[in-house]
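Positions annotated as domain 'Phosphagen kinase C-terminal' by TrEMBL: B:24-256. According to TrEMBL, the ATP binding site annotation covers B:27-31, B:H93, B:R127, B:178-182, B:209-214.
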Number of protein chains: 2
Amino acid sequence: MSIKDKVGSARSLWMDADGPDADIVVSSRVRVARNLTAIPFPHLLDLEKSREVTAKIRKAIENTEASELIGNLELTELGELTPLERQLLVDKHLISPDLLNDFQAKAVAIRQDEAVSVMVNEEDHLRIQCLLSGLQLKEAWEIVNKVDDGLEKTLDYAFSEKLGYLTSCPTNVGTGMRASVMLHLTGLKITNQIGGVFHAIGKLGLTVRGLYGEGTEAASDLFQISNQITLGQSEEELVNNLTSITRQILTQERASRKSLYIDRREFIEDRVYRAYGILKNARILTLEEAMRLFSDLRLGIGLKIILGIHDKLLNVLMVEASPAFLMKMAGRELSSHQMDVYRADLIRNEFEKAEK
Amino acid sequence: MSIKDKVGSARSLWMDADGPDADIVVSSRVRVARNLTAIPFPHLLDLEKSREVTAKIRKAIENTEASELIGNLELTELGELTPLERQLLVDKHLISPDLLNDFQAKAVAIRQDEAVSVMVNEEDHLRIQCLLSGLQLKEAWEIVNKVDDGLEKTLDYAFSEKLGYLTSCPTNVGTGMRASVMLHLTGLKITNQIGGVFHAIGKLGLTVRGLYGEGTEAASDLFQISNQITLGQSEEELVNNLTSITRQILTQERASRKSLYIDRREFIEDRVYRAYGILKNARILTLEEAMRLFSDLRLGIGLKIILGIHDKLLNVLMVEASPAFLMKMAGRELSSHQMDVYRADLIRNEFEKAEK
């Protein structure tokens, strides 16, 4: 199946929710930034030169000698996709919103299971990312590392013995690596402890962002925590460091949920069951309300208040509830109100199916 | 079964919701005020004299020659009941809240099906009331009239050829009759037409009150409309007049619901189904929220959006959701929070039973 065929389906590997601690660690992501030697960074290239970069990368991806390392990646130029299809890639976290600017010069290669994607001509010539379910930073890094090694059999990377990998933005110089986890911290939020946790995280050189990366509001109690530093530490150190901090936050989140469930059991059950009841019954649902209700329900699944519904369904619905997905499924433009009605119908039907 | 045994069960005839237009006219009520001749009005009596009045009325009720007219009434002095049991009678609309003041002097006689009750020593020596489901003012009046005739076989009523029945409060002089209907006017409320309707009603000599009579807030979109005038019109005229005005309001309410359902179908369905989803799932429900949700659900039943749930269940739950009923069912004192939890449990269980 081509990217064009698969883009409308909200089924990426990370959504399966079968990774370790996936009830709280929704996903782990590792990406590295790479640039080709002797070619200016993407923002300095005209369309023709950009396409030369894409051609080089296509060749590297299709290098059969490296295919065991790289896996089955399929490269698509963004210009081949409709605006809706491009947005769907963003909603599935396979590309960054930045890749939509001047998209004619850009491309993306995606593995069949959508766990690996390689952005071409974003801020750097290559951004290799791996996205897995649960706390699997090490595993994600190993996959990225293999793909990186495989591509390097063909490509010449810009690398300095002193600085490491050279990148368009100095904050990526060194390992060129960004590792992140998406955490569902609703217990810490309800108990008003989240501010303190984030304050501590900041002191450790980590950043917290909302669901869709930098500059967006924290929706549905999902927070992305990532490293800021790419220089002076090895990739393994970065991954180990973030893994260990994530484990600490996990412990705090579990403790806050447990105490909530002991001290305010009826309050929590009420909150969870109301969310469930509204999701299964509402006829109009805004994206914001749906996200808030998913968060409450996710808490209920984690606390085993709600059985019979799996986090996987919430991961899928969270992606499918986005405007682009709804329009793709409807096969037509939708007004804001039509979108809210379509979203409610979709969610209700999915829960009905899941309960059968 | 004695009143003491039956008081904890929320099963009165009006709750069956089987009367004409019972989807909007929840109940019809007629009561007449009567006083015994040559005995001062109740507020002027000491306890001993009050008990003499009660004794006279008991004798009249037990007059076997009149039993076909009166029916099977059972008289209980309020002092025989616990405070909780007295409150339950108010919640079931069998007695007025006023009967709880100086209750030692007071009594009530109730028919087995709880459609007829006779208050003794409220504002007047006798208040004979009949409460039926739907728009049945004429039927209620005929029942009250028969009981009245039956009691008059024994009792001597204070009556003036010029003024009619003499009553403690001059607003009741004449027929001594108050007729009222309890209407669920949620369509007119949502469409902001209710103010205009009430304004028109006022001009016709009628009064509008909230659920529990004078001075209480209109809860759950239920409004009691009653006549103000008792003098200068016959009982039949009063009943016919209120019936005809009720029919007009009914037409307006149905029209507003229909237009809402045509113009804003998704909005109405969303409102109704959310109410249903919350009632079936919440673990904490205040009385106020429960009443609001019952109102939305009642609208959904009326519009045939919700099948499988009958207005009867809502009538029962509306009564059972009151603090006194919850404590009676729990068999113990409940804090405000415990009450909200118990209420949610009760409602959820009843809906589960109804859906089986």
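Placed from the backbone N, Cα and C atoms, the Cβ positions cover glycine too.
Quick caveat, the model's predicted, so the values are computed rather than measured.
Cβ neighbour density within 10 Å is lowest for B:R209 among the binding-site residues B:R127, B:R209. Around B:S180 (ATP binding site), taking its Cβ as the centre, 25 other Cβ atoms fall within 10 Å, counting all chains. Model confidence over the domain 'Phosphagen kinase C-terminal' (B:24-256) stands at 92, taken as the mean pLDDT rounded to a whole number. Within 10 Å of the C-beta of B:V30 (ATP binding site) we count 28 further C-beta atoms, all protein chains included. There are 26 other Cβ atoms within 10 Å of the Cβ belonging to B:S27 (ATP binding site).
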